[in-house]
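S.K.: Positions annotated as region 'Disordered' by TrEMBL: 1-25. Here TrEMBL flags 16-25 as compositional bias 'Low complexity'. As annotated by TrEMBL, domain 'Heme-copper oxidase subunit III family profile' applies to 28-240. What TrEMBL records for 49-74, 86-109, 130-150, 170-197, 218-239 is transmembrane segment.
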Amino acid sequence: MTVPTLPTEPSVGESADIAPADAGPDGWRGIVTDWAGDREAFKVPWGKAMMWIFLLSDTFVFSSFLIGYMSVRISTTAPWPDTSKVFGLTVGGVDVPLLLIAIMTFILISSSGTMAMAVNFGYRRNAKRAAALLLATALLGAAFVSMQALEWTKLIVHEGIRPWGNPLGAAQFGACFFTITGFHGFHVTCGVIYLLLIARKVLQPGFTEHGNFQIVEIAGLYWHFVDLVWVFIFALFYLW
């Protein structure tokens, strides 16, 4: 009967850098390289990774707001205001329901298109057209915020709706509406400033040859997220 022998430690004169047979041609170093293969498999710039993390956290915040709004609305016994009347706009003496909101939505969706074209020209390293489309996107975003300010003025001054009260129905309407739309409007305002800064950087001399156009793509991620959030706000506040 043969007795199995335990592996012995290498002596002082022997090399301790002995690799097992299945460790590959590079020994343990090869195994470590395989384990660290994600460095090459997932080439994501830090800027884009940080933006995705920020957008993920912001998704949780907006989701909490919208779920809370739905819970409040479902559990409220007082009548909820008629959105077609509250958000209507009078044109030539005729009340047109949700006209201002439809224009705001069209502007924001259009800005998503200009942002996508800016990213496309960024891929082509065309600094002038990318910057021009970034400025156009920022202009559309500023128009959206201006219309939202007009909407808030109409609700506060003419309708008498406040965050703490609502003469047209459930008192919770004002708090939910001003909190969620205000938070989204703040994001759009920050996005406009962000796009202006990126456009300014892209127009700097030598950026076409040596600049990193991934900043345009990262800005596009933020702007498309803001547009997507508005779709849910539009559906839950203005259509429900």
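All residue numbers here begin at 1 and follow the chain in the order shown.
Cβ atoms here come from the backbone N, Cα and C positions, even for glycine.
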S.K.: May I ask for the residues of the chain that lie six or more residues beyond the transmembrane segment (170-197) and have a Cβ under 8 Å from a Cβ within it?
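M.R.: Sequence-remote neighbours of the transmembrane segment (170-197) are 58, 61-62, 65-66, 68-69, 72-73, 76, 78-81, 108, 134-135, 137-138, 141-142, 144-145, 148, 152, 155, 161-164, 219, 222-223, 226, 229-230, 233, 237.
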S.K.: Hey, which of 49-74, 130-150, 218-239 has the most Cβ-Cβ pairs under 8 Å against the transmembrane segment (86-109)?
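M.R.: When the Cβ pairs under 8 Å are tallied, 130-150 comes out ahead.
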